[in-house]
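*Asks:* The following block contains the structure, expressed as structure tokens.
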């Protein structure tokens, strides 16, 4: 489509980058309106998530009491929208509830200062006090029998506990998706608690839901980080790229409408406006299902599902078939003699169309890569359109994309080859060594958590078809590295990490990949107690055993950052043999106390 057609389209429809599908009338009582739209069950679930994400230390019972009070008040407003306080904004109503909590300052410290502010500053203040790494004990899943007994006694309370425990550990979890995962959890329990062998039915199914939910959480946190640091424009660019890949037959106007509304929905959830977010997400799903003809041929299966499953399905729907007759992208964006004129007349829209056209042709690229290419294209036009002969200057821009494309492709090949050779645990260890060398000042628990999460990319992505690997690997790594940055921001210790985390979100992964050994680091002193183990390690679950061994590995690298792969392998093999021998010994304690010091000596000698 020629650029002039885009301009006509904009002229007729207003700004294609500013209009969405939501067309809501103002309501006398916002809370009554949301209660009516969402229904009591979803309303109560969302209010519980909201309170749990703001007040992460409160017990379930405290939150359940607040939820019931808010629900009762909403019902009053449904009955009479002109009743006292029903016209107040949701922020005001929720904020007043939070500020009325007994002992707020004793339990939450500076968060209590937010209560001296007026809206919207008060809500912004609450958001700033959300803790991405709250000091809560790990969530332990009860035994199958105990879980089924609790579930059968009171399914509503059981699922309420699930929402509360997940939400307070993940204060930016996408609330409508958390309702979806709770629904999945409920269905699994309903099915498995009727089985004779509850444990073997529940464990794999609940593990699967947990894994998907954790990935959903880190992805949503990255979206909120993008919104918080770079504003709506950056998020909308992400949405345009992602939607264009998924719906390559939709026209630019349709994609920008969807991107505008997706941006609104995510902004609401990231800002804690969970009732609006869930309501608008349902509206967006409804719009997509009513307009399948102009969006995608792949939506019908999703649209046949009930609300929560429908919205989840639409967010993960497979890519539509790419149009067969797409012209070369160079025609409008390189060869056209009026590129600079078109760019100057409407920069954001011109760049938006470039991103749309490039993305719909490349479902095999990651969104991060597509945004880096758009950024390169923008920088080229900024430079070239100021020169005497712009076409000669920007004529090679598409060829200049090649190094940017090759870098992540090489990353995927190298890492997937390594994963196939080592398996997940060995691959995690390789990443742990790599990242400890890059940022040895970062705390060992943070490095181990990051390496374990980054290492899962192999299992998650390397078994996929070739054309799906790159988007899977890079977009997953970007989300995990965002968490590394969030944790590092609280207690910055590494200039390397600060440098990568301070720049653009889409440049972070390449920045981390390019880091080398930190030459400024003064190695840690070798401490024997760091490598001293006791017989209790023998009875730990496999995951916790791995974490203990990976903690020792990170400490070894901090002691000897330039240790060779062979040296580290020798030490870790010796360590594994030591554990195997002592855990099989008749007198484990004696074995650990006598062989442990010998292991420490051998470690020091191997790394000398």
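Placement of Cβ uses the backbone N, Cα and C atoms for every residue, glycine included.
Heads up, here are the entries from Swiss-Prot:
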DOMAIN    19-211  domain 'Albumin 1'
MOD_RES   29  phosphoserine
MOD_RES   82  phosphoserine
MOD_RES   89  phosphoserine
BINDING   91, 271, 273  Zn(2+) binding site
MOD_RES   229  N6-succinyllysine
MOD_RES   297  phosphoserine
DOMAIN    404-601  domain 'Albumin 3'
MOD_RES   443  phosphoserine
MOD_RES   446  phosphothreonine
MOD_RES   460  N6-succinyllysine
MOD_RES   513  phosphoserine
MOD_RES   558  N6-methyllysine
MOD_RES   570  phosphothreonine
MOD_RES   588  N6-succinyllysine
*Asks:* Check the modified residues 89, 443, 446 for other C-beta atoms within 10 angstroms of each C-beta and report the one with the most.
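*Replies:* Selected residue: 446.
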*Asks:* For the residue listed as 'N6-methyllysine', identify the closest of the modified residues 82, 229, 443, 460, judging by Cα separation.
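*Replies:* With Cα distances computed to the residue listed as 'N6-methyllysine', the winner among 82, 229, 443, 460 is 443.
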*Asks:* List, in sequence order, those recorded positions among 29, 271, 443, 460, 588 whose Cα sits within 10 Å of the Cα of residue 89 (phosphoserine).
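*Replies:* Within 10 Å Cα-Cα: 29.
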*Asks:* Relative to the Cβ of residue 229 (N6-succinyllysine), which residues of the same chain, six or more apart in sequence, are found under 8 Å away?
*Replies:* 505
*Asks:* Counting only residues 6+ apart in the same chain, whose Cβ is under 8 Å from the Cβ of residue 297 (phosphoserine)?
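*Replies:* Correct list: 249, 320, 321.
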*Asks:* Taking the mean position of the Cβ atoms of 91, 271, 273 as the Zn(2+) site, which residues outside that list, in the same chain, have a Cβ no more than 8 Å away, listed in sequence order?
*Replies:* 90, 120, 123, 268, 272, 276
*Asks:* Looking only at the domain 'Albumin 1' (19-211), report the model's average pLDDT.
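*Replies:* Per the prediction, mean pLDDT sits at 93 for the domain 'Albumin 1' (19-211).
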*Asks:* In whole Å, how far is residue 29 (phosphoserine) from residue 271 (Zn(2+) binding site) when you measure between their Cα atoms?
*Replies:* 20
*Asks:* Minimum Cβ neighbour count within 10 Å among the recorded positions 91, 273, 460, 513: which residue?
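*Replies:* Each of the recorded positions 91, 273, 460, 513 was scored; lowest Cβ tally within 10 Å is 460.
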